[in-house]
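Copied over from TrEMBL:
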| type | residues | note |
| --- | --- | --- |
| TRANSMEM | 12-31 | transmembrane segment |
| TRANSMEM | 43-62 | transmembrane segment |
| DOMAIN | 68-311 | domain 'Cytochrome c assembly protein' |
| TRANSMEM | 74-91 | transmembrane segment |
| TRANSMEM | 144-165 | transmembrane segment |
| TRANSMEM | 221-244 | transmembrane segment |
| TRANSMEM | 259-274 | transmembrane segment |
| TRANSMEM | 286-310 | transmembrane segment |
Amino acid sequence: MIFVTLEHILTHISFSIISIVITIYLMNLLIREIVGLWDSSEKGMIGAFFSITGLLISRWVYSGHFPLSNLYESLIFLSWGLSIIHMIPKIGNLKNDLRTITGPSAIFTQGFATWGLSIEIHQSAILVPALQSQWLMMHVSMMLLSYAALLCGSLLSIAFLVITFRKRVDVFDKSNNFFIKLFFFDEKKYLNTKRSVFKNTSFLLFQNYYKYQLTQRLDYWSFRVISLGFSFLTIGILSGAVWANEAWGSYWNWDPKETWAFITWTIFAIYLHTRTNQSLQDINSALVASIGFLIIWICYFGVNLLGIGLHSYGSFN
């Protein structure tokens, strides 16, 4: 009973902390950046991480098994994984471009787990025979950590595409205006227009330089995080195959969950391949990662909605 009460307290503490962190992000985004608030938000995410860690440990103690047996526990673990990814740049004293992705992702994940699922799913139950294995911790934790990393990396790729697309639209609009003026203006007006363009060139170059820096950082972190997630996914699939052989007598059964996990692995393998080809980098690889974002959600939630196959214990029912 003590651990159940502790779990409820830690759930509300972690959710409250992450909510405050998101509010700080919005204040800095909509009003102005305040260094003190940024520092507070970073400390808040660390506090949320330890709260979620305590929640998982308390649930592990009173349930007697690693807390990855149902959808609620997997979502809490996913939120925990997002918190870890959030703190990776902090360890290396690097500019944290991940925080705008990991912060909202963590709160939405935990919010859905806390308020979006029925009370019955929240309850810890005795493991079904297929889950009573030492492979539970290895396989499911690797898969969820891969989901956390791949989702973050995919969202960074989507942000990269949005910024790049907007930049190209701006350039297209400016070039159209230039040709309209060239067609309708006389020579004197055209030369005056050209001089004014040269005067503003330094400001445009300055602005474009920082846009370029931002897109490069987004592309850099997207590649690094997706590479990490792909490694976790590979380990998760391999360990799952070994576990499946022990539980069901076959390494691979083309179960819906297994099939979509294989599709997810293939999509991100294609992404990593495009990174090795200079002509396919940046936009092309970002498009592949964006497709991967949808595939992950189908693999994680779509199959659970159906509630069929050998992995039906992770469904909403």
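Heads up, the Cβ atoms here are built off N, Cα and C, so glycines get one too.
Over the domain 'Cytochrome c assembly protein' (68-311) the predicted model carries a mean pLDDT of 76. Distant neighbours of the transmembrane segment (43-62): 3-4, 6-7, 10-11, 13-14, 17-18, 20-21, 24, 73, 76-77, 79-80, 83-84, 86-87, 99, 102-103, 106, 110, 124; these residues of the same chain sit at least 6 beyond its ends, with a Cβ under 8 Å from one of its Cβ atoms. Nonlocal intrachain contacts for the transmembrane segment (221-244), taken as residues 6+ away from its ends with a CB within less than 8 angstroms of a stretch CB, comprise 85, 89, 97-98, 133, 135-136, 138-140, 142-143, 145-150, 152-154, 156-157, 160, 250-253, 258, 261-262, 264-265, 268-269, 271-272, 275, 285-286, 289, 292, 310.
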